[in-house]
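Record features (TrEMBL):
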type: ACT_SITE; residues: ASP750; note: active site, proton acceptor
type: BINDING; residues: ILE631, GLY632, ALA633, GLY634, GLU635, PHE636, GLY637, GLU638, VAL639, LYS657; note: ATP binding site
type: DISULFID; residues: CYS66-CYS186; note: disulfide bond
type: DISULFID; residues: CYS101-CYS111; note: disulfide bond
type: DOMAIN; residues: 24-204; note: domain 'Eph LBD'
type: DOMAIN; residues: 323-436; note: domain 'Fibronectin type-III'
type: DOMAIN; residues: 437-532; note: domain 'Fibronectin type-III'
type: DOMAIN; residues: 625-886; note: domain 'Protein kinase'
type: DOMAIN; residues: 917-977; note: domain 'SAM'
type: SIGNAL; residues: 1-19; note: signal peptide
type: TRANSMEM; residues: 543-566; note: transmembrane segment
Amino acid sequence: MSFGRKYCLLFLLVRSIMSDHTNQVVLLDTTAVLGELDWRTYPVNGWDAITEMDEQNRPIHTFQVCNVMEPNQNNWLRSNWIQRQAAQKVFVELRFTLRDCNSIPWVSGTCKETFNLFYLETDQPHSATTRFLPADYAKVDTIAADESFTQTDLGDRVLRLNTEVREVGPVTRKGFYLAFQDVGACIALVSVKVFYKRCPSTLRNLAAFPDTVPRVDSSSLVEVRGACVENAEERDTPKLYCGADGDWLVPLGLCVCSLGHEETDGVCQACRPGFYKAFAGNTKCSKCPPHSSSHDQAGTICHCDKGFYRAAKDPSSMACTRSPSAPRNLISLINETALFLTWSAPSDSGGRKDLTYNVLCHRCSGAPGGEEDCEPCDADLRFVPRPLGITGTSVAVLDFAKHVNYTFYVEAVNGVSSLGQGSRPLANITVTTDQAGPSLVGVVRKDWASDNSIALSWLEGEQQPNAILDYEIKYYEKEQEQLSYSSTRTKTPRAVVTGLKPSTVYVFRLRSRTATGFTAYSNTFEFSTGDENSGMAADQGHVLVVVTAAVGGFSLLVILTLFFLITGRCQGYIKAKIKSEDKRRGPFQNVVPFPGIKTYVDPDTYEDPTQAVHEFTKQIDPSRICIERVIGAGEFGEVCSGRLRTAGQTETPVAIKTLKGGYMERQRRDFLREASIMGQFDNPNVIRLEGVVTKSRPVMIVVEYMENGSLDSFLRKHDGQFTVIQLVGMLRGIASGMTYLSDMGYVHRDLAARNILVNEALVCKVSDFGLSRVLEDDPEAAYTTTGGKIPIRWTAPEAIAYRKFSSASDAWSYGIVMWEVMSYGERPYWEMSNQDVILSIEEGYRLPAPMGCPVALHQLMLHCWQKERGQRPYFSDVVSFLDKLIRNPSSLMTLVDHVHSFPESPEVMPHYPLFISIGDWLDSIKMSQYKSNFLAAGFTTLDSVSAMTLEDVRRIGVSLIGHQRRIVSSIQTLRLQLLSDQHNGFHV
Ligand code: ADE
């Protein structure tokens, strides 16, 4: 049996613990025999048995012989028959005195100083008549004295007691005799003890191990399996090893107390009433969770008190819960097209967090005062977001009929609602839909179509025609399945939609608007444009040409132009616009040959990527680099700061990106790809590549060091500490870097504040190159339905929808960077999900101005966020625009917070009823904790909230500056939304 090193320590430990005397089983001890010993002697005048009494009157059996004067002694003393029991080997311990011959005069020829020990195994004792035959006995050993005597100072010789132990065995028969042969010595045998060793029964790790006799062969151990104690179960086979000395060694495996039991003093005891243990293991019983109890011992679960329940997925450690009480304060608001129900959470949530609401509806009709005839509402009624499982505290009901009494029941449910008995508490409200608005427009007809236009007309609904202010037509390419849509308006029941693609099917929906608001949209209608050869067959007199999606962009341009007119600095901007128009084809491709401008070369176009590294980067001798500390972790390895020794022996601070060891060839290529891109750029607002190390390990990319790190964290660290001019200066730098990159034909695809680096002079430089690889590395990048990885919040809709990346999509991202900068690193769209961001952008929603943001900058952001990419500004325009602002700081003094009316363009902030209750609104900006502050201060409608100032927000108890900022920004949106609603005649 061999043991691994890991057991060495254990072995020693266990050995020391277990070395006690219980591991000896005594078969014979002459000192403990009270009666006669009755041992035999041959011849009878040889050994003498002397029995004396000690102080306690117990006999001391001694055998003596001392025939030292006579030659040829052969005196035998034989024990009684000793039962072997379980022994496989026995130990014989002899205590005796032995005179040395020198101490006895005249015995030199005959005196001996040893005696012999023999044994004989038999299965039964000999009868009294059996003759003693010495030849039958096997010799164990010759016993000599260690200390037959010692000399005292006085010269006396004092006899000393010797103790000798001998092993006898293996023994296999039922018993044995011991025999002592004297050949002429002077011996007194004071005691004989015969015993064997065993490992005594024990409890270890909640397992019981029986008495075990060690192997005869003292170098091997007996493996013993333990049995788990009562109420315990095996986790890993419990084992101990019995060693030759009767010690237990090397405990392995264990048992654990079963459910309902815990370990106390090495056994498993039942949990007391009021406690439980749901799993087997070495844990203690736990107290029953609230609203539950266990009445008996050994509880494995606590049963819920009456009226309380546990849902199927609730853990047994969770408190028992109950159904919630009814929702409170159910109110309704109705306008022409929608009916809003809002309520507050129940006073008792039942102790759970999984609260949702169901809205049920009954429709009642009948003569006033007469008997009402009620039935469940028909399926036509639409609930937004849904009728059941609503997580907020409001719902919009659409498509209701006119002149009907609807009774709505709102029930609060949680995970245990289905388990309770009895009626469920409901809140209800009856709403009469007398003021229902105009009905839908009728059937839409295609009057004619050319290759790029379709003429539509329709019949007006039952509404008085003159009550209709205008119609809105929404349309999109059928193939694109709502990826993007355009809309247009007309005052007459007809329109020509232009700017369409030839031979393409478009889907149209219409709605009309009266002084009281919009109708719901009509059904969809599908019409196709003609092919390129088809002429236009139309009655031109009917045609109202509508310029569609460009309206938003155009109106923004008008606003910006107006802005310049007001500040008297319009010319440059318009000129820049014209100049940009010249290269309209250009920035939307990656490789654009502008005369006189160096163009970017995609390293992927090289068959051998090392060739690109060779061409665009400089090799640095690693001995010139001194790495000082790790400042971050990139996808490929650590990013460090350090120093680079230049030719003139001066040192420049640098950042060093390393490629960690064990990389694949592909990783090395991707890593160096960024260097091949960066090496092509030379602009003060683009991070500069110093060089690469590729000929030794680790592979490194060395770039200029930017003391203030990435822009997003830098701004968050210095929240509110910069002047607007400083912020605009940073934005100007980024726009200038982007102008350079887009002029070179490089599309960044991941422009975001986290990818801008800031140096100690606050100069911002664009970094993180590498196209798709960059996105792999970006924690913000999420997979889209088409499988690409895209940083949704920063990316233009066309790039998300069909990966149309261009300098125009970079311009969209730049608008988001502007917003990040002006809000000091706030997360764009806060905690909204990526999906909600996509939907709200699609609906026309745009980020509101951050608190304290000059109108001009928010206008520029909105310009960058035009749906039509062709309408977005060029980076060179942005630079000129920002330069003008910087040169004329008074232009930055009008803050969005101060604007109370807004330009007459609904497209700037299109109608988008985002929120229908204060609760919903605060939930959406993750500020739900302030609901009660708003209500307590009397701000109960969105209308009243929209008029709140920063001071009001502070006054109602929002003290954290970040929270004030978030709420005030969102109030701007509300305000614009309401303004836009009023503009559209929509009342919430
Ligand atoms: N982190 C990543 N690149 C850096 C750089 N160039 N300077 C400072 N910090 C950085």
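Note: Cβ is positioned from N, Cα and C throughout, glycine not excepted.
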Note the Cβ centroid of ILE631, GLY632, ALA633, GLY634, GLU635, PHE636, GLY637, GLU638, VAL639, LYS657, the recorded ATP site, then list each other residue of that chain whose Cβ lies within 8 Å of it, in sequence. CYS640, THR658
Looking at the domain 'Fibronectin type-III' (323-436) alone, can you tell me the average pLDDT? 82
Indicate the candidate from GLU635, ASP750 with the smallest number of other Cβ atoms within 10 Å of its Cβ, considering only these recorded positions. GLU635
Taking ligand 1 as the reference and 6 angstroms as the Cβ limit (strictly under), which recorded positions among CYS66, CYS186, GLY637, VAL639 are close? VAL639
Quick one: among the recorded positions CYS111, ILE631, VAL639, which has the most Cβ atoms sitting within 10 Å of its own Cβ? CYS111
Tell me whether CYS101 (disulfide bond) sits in a helix, a strand or coil according to DSSP. helix
Between CYS66 (disulfide bond) and CYS111 (disulfide bond), how many Å separate their Cα atoms? 9
Just to be sure I understand, if DSSP states are collapsed into helix, strand and coil, how many residues of the domain 'SAM' (917-977) fall in each? 44 helix, 0 strand, 17 coil
Can you tell which of the recorded positions (CYS101, CYS186, ALA633) has the fewest other C-beta atoms within 10 angstroms of its C-beta? ALA633
Neighbouring C-beta atoms (10 Å sphere around the C-beta of GLY637 (ATP binding site)): 19
Pairwise C-alpha maximum, in angstrom, for the residues (ILE631, GLY632, ALA633, GLY634, GLU635, PHE636, GLY637, GLU638, VAL639, LYS657) that bind ATP according to the record: 14
Between CYS186 (disulfide bond) and CYS101 (disulfide bond), what is the CA-CA distance rounded to a whole number of Å? 8
Taking DSSP three-state, what's CYS186 (disulfide bond) in: helix, strand or coil? strand
Cα separation, VAL639 (ATP binding site) to CYS111 (disulfide bond) (Å, whole number): 94
Could you state the whole-number distance in Å separating the C-alpha atoms of VAL639 (ATP binding site) and ASP750 (active site, proton acceptor)? 19
Counted with DSSP (H/G/I as helix, E/B as strand, rest coil), the domain 'Fibronectin type-III' (323-436) has 3 helix, 53 strand, 58 coil
Within 10 Å of the Cβ of CYS66 (disulfide bond), how many other Cβ atoms are there? 17
